[in-house]
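Below you'll find the structure, written out as structure tokens, and then a few comments.
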Amino acid sequence: MRHFKVKAMVQSLDISAITGQQTDAEPSKRSKPSALRRTLQALRQRLTKRNRPKPPDWFLEKFSNTTNTDKIGKGCPAMEDAALSSEIRGSSVLCNRLSVDPTLQSHYRWLAIVSLAVLYNIIFVVGRAVFWEINKSAPAFWYTLDYLCDFIYLLDTLVHMHEGFLDQGLLVRDAFRLRRHYFHTKGWYLDVLSMLPTDLAYIWWPPETCSSLYLPCPVIVRLNRLLRINRLWEWFDRTETATGYPNAFRICKVVLAILVLIHWNACMYFAISYEIGFSSDSWVYNLNGTRNNTLQRQYIYSFYWSTLTLTTIGETPTPENDVEYLFVVADFLAGVLIFATIVGNIGSMISNMNVARVEFQNRMDGVKQYMAFRRVGHELEARVIRWFAYTWSQSGALDEERVLAALPDKLKAEIAIQVHMDTLKQVRIFHDTEPGLLEALVLKLKLQVFSPGDYICRKGDVGKEMYIVKRGKLSVVGDDGITVLATLGAGSVFGEVSVLEIAGNRTGNRRTANVRSLGYSDLFCLAKRDLWETLSDYPEARSTLTQRGCQLLRKDGLLDEQIFADSQRVHDSIEGGIEKLELSVENLNMRLARLLAEYTASQAKIKQRLAKLEMNGGPGTWRLECEPQSRARSGRLYSLQPKRRPRSRPDATAKSSDAAKQNTL
């Protein structure tokens, strides 16, 4: 709103200034614009430019995976009929209203609000249950905060009930399925228990009864609000994952846990002092005196005693009865276990924060030892050390390949495109190239750092890489190494034609100049081998890149047209031969498949005939005995042999029938 008000004010002032000037001065004698008018115009232009939406980037649009159908498809799982677009749109809106995506930033902010309510109950419900002066100071204020937190709990129950979950990799948004899933989780029971109206106990146990004579205070009935602590852990996990400083956040989380434990233990000490009796001995809290009877003194002393006990420092009054001894022993044991764990976690966090520095220092020490062992000159050793220092100052010696190794290739390609977008735009031969080719090439870019005075390439060297300047200055020098012919800055590209190996290149794919780094320079390198490995899967892109490379060579007069034409004819003839060979292989495969089908069909027919003969044949009949079809084709004929039924007695009928069944072909 403030931005639009300022813009409107500037426009109104500008208009008034213009009208005033036109009325005061004649049209033929218009004076020059005043300084105020020029200032207002510049301010209006700046505000308009800032408010103007950023135009879409053509380079990133080629890699965009989101479409309109994807946006529509994010509705209910039952959206399958594309023809019913209106119903799909209506059901999508309805499901989206009844579901919450837990990955959205708005859901994370809501968790932060719920976490504040939970943290309030963790600290003040326990504290107000023991320190009665807190409730007496501002009861209306505390009741307002209590029921505000209850309202947040109620809203969070509705949000939690409609939180989407993943089923077979898809986010479920159907309201009925979300509620059914929620009612079968542990969170449902915790939410219900944390929302029980235990404040109804105030009817029989009024909060006004809280005093030094009646502890704990009635607010202790709200302890069930602490059961919503799982939402606080969820917010901690989300924050630790999303933050750019996870180690610092972990340390803050551990410190918060320590303070909460000390706070609870201080409340326990004050409650035990009440049970034993204030001022009854030297161990319990001494309530005598005006100063000791204040809330500030009571809490600070209890917190101090709790800190000394849990940290096992001691130096507290000696217990005098069994209850005091048991409480102190339990505190010491809890302090040893809890703080040993906490100190160990903090130590590991601090060591993890310095892992990159330690690894980098070890590598640098190893290089130093090697140079000392090989007696490398002091000048070269100093250059190496300066290179290490520059690398650490720029990127912290970050190994990008190792960091991104856990990601799939698709995500790595998208990250690389976002990071190297401006770099790839500078390469002329890659303009309007297939997105798949650029996705494959962007993963093969290697970052190289050159020190002052390092030669990136020399004249006459075989071109095996192309370079893209990311940061720094390069100079193109003559053969004497002194004369500067040109200066290259960020975004400059050189060597892109040499990696294409174009026949007819008068330079013979060799470097035509000496390129030297003026200061520390960061260059992206693309090797010829990586380029051609990628182009093997993109034949059309390969021909396109070759044509663009030829155009660049023709522009500089470095292409021999005759040699290039001859190579193209040879290449076309080879390509034609390969196509004919592929066509012949395809025809042979088709013929082989047809013959195999005929053979399989004939085998099936023969098996059917044999099975039919076996079923129809019986004793005293002629049976066909044949050899396999392969033998029959070799010249062997079928043979007919009579099978006579043997004479047998009536009681041997079963045996003769069994013997007849055993006659085979």
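Each residue, glycine too, has its Cβ placed from N, Cα and C.
Residues or ranges marked as topological domain 'Cytoplasmic' in Swiss-Prot (evidence: sequence analysis): 1-110 (among others).
A Cβ distance under 8 Å defines the sequence-distant neighbours of the transmembrane segment (111-131), meaning residues of its chain 6+ beyond its ends; these are 142, 145, 148-149, 152-153, 156, 215-217, 219-220, 222-223, 225-226, 228-229, 231-232, 234-236, 238, 260, 263-264, 267, 270-271, 274, 295, 298-299. According to Swiss-Prot, the feature transmembrane segment maps to 111-131 (among others), an assignment based on sequence analysis.
Per Swiss-Prot, topological domain 'Extracellular' is recorded for 132-138 (among others), and the stated evidence type is sequence analysis. Residues 124, 207, 210-212, 215, 217, 219, 294-295, 298 of the same chain, all 6+ positions outside the topological domain 'Extracellular' (132-138), place their C-beta atoms under 8 angstroms from a C-beta of that stretch.
Taking the Cβ of ASN135 (N-linked glycosylation site) as centre and 10 Å as the limit, one finds 20 other Cβ atoms among all the protein chains shown. Per Swiss-Prot, the feature N-linked glycosylation site maps to ASN135; the stated evidence is sequence analysis.
Annotation comment: Swiss-Prot describes 139-159 (among others) as transmembrane segment, evidence class sequence analysis. Same-chain neighbours of the transmembrane segment (139-159): 100, 107, 110, 113-114, 117, 120-121, 124, 128, 191, 194-195, 199, 207, 219, 222, 225, 228, 231, counting only residues six or more beyond its ends whose CB sits under 8 Å from a CB of the stretch.
Residues annotated as topological domain 'Cytoplasmic' in Swiss-Prot, with sequence analysis given as evidence: 160-186 (among others).
Within its own chain, the transmembrane segment (187-207) is flanked in space by residues 135, 139, 146, 150, 153-154, 156-157, 160, 217-219, 221-222, 224-228, 230, which lie at least six positions past its ends and keep a Cβ under 8 Å from the stretch. Swiss-Prot lists 187-207 (among others) with the feature transmembrane segment.
Each residue in the topological domain 'Extracellular' (208-253) gets a DSSP state, and the totals come to 35 helix, 2 strand, 9 coil. Positions annotated as topological domain 'Extracellular' by Swiss-Prot, on the basis of sequence analysis: 208-253 (among others).
Residues or ranges marked as transmembrane segment by Swiss-Prot: 254-274 (among others). If you look at the transmembrane segment (254-274), the same-chain residues 6 or more away from its ends with a CB under 8 A from one of its CBs are 122-123, 126-127, 129-131, 212, 215-216, 284-285, 298-299, 302-303, 305-307, 309-310, 323-324, 327, 331, 338-339, 342, 345-346, 349.
Under the heading topological domain 'Cytoplasmic', Swiss-Prot lists 275-325 (among others), citing sequence analysis as support. Taken residue by residue, the topological domain 'Cytoplasmic' (275-325) breaks down under DSSP into 22 helix, 0 strand, 29 coil.
Residues annotated as transmembrane segment in Swiss-Prot, with sequence analysis given as evidence: 326-346 (among others). Long-range Cβ contacts of the transmembrane segment (326-346) within its own chain (Cβ-Cβ under 8 Å, at least 6 residues beyond either end) map to 250-251, 254, 257-258, 261, 265, 268-269, 272, 306, 309-312, 316, 319.
Residues or ranges marked as topological domain 'Extracellular' in Swiss-Prot: 347-481 (among others).
Taken from Swiss-Prot, the feature 3',5'-cyclic GMP binding site covers 437-559. The secondary structure of GLY549 (3',5'-cyclic GMP binding site), as reduced to three states from DSSP, is helical. Residue environment of GLY549 (3',5'-cyclic GMP binding site) contains 21 other Cβ atoms, counted within 10 Å of its Cβ in all protein chains.
Residues or ranges marked as transmembrane segment by Swiss-Prot: 482-502 (among others).
The topological domain 'Cytoplasmic' annotation in Swiss-Prot covers 503-665 (among others).
Sequence annotations record features per position, and here Swiss-Prot assigns region 'Disordered' to 633-665.
You'll find the Cα of GLU501 (3',5'-cyclic GMP binding site) roughly 84 Å from the Cα of ASN135 (N-linked glycosylation site). For GLU533 (3',5'-cyclic GMP binding site) paired with ASN135 (N-linked glycosylation site), the C-alpha to C-alpha distance reads 76 Å. Looking only at the topological domain 'Cytoplasmic' (503-665), the predicted model's pLDDT averages out at 71. Highest local Cβ density among the binding-site residues LEU437, VAL469, LEU485 belongs to VAL469, counted as other Cβ atoms within 10 Å over all protein chains shown. Annotation for GLY453 (3',5'-cyclic GMP binding site): same-chain Cβ neighbours under 8 Å, separated by at least 6 residues, are ARG516, SER517. Put simply, GLY549 (3',5'-cyclic GMP binding site) is 82 Å from ASN135 (N-linked glycosylation site) when counted between their Cα atoms.
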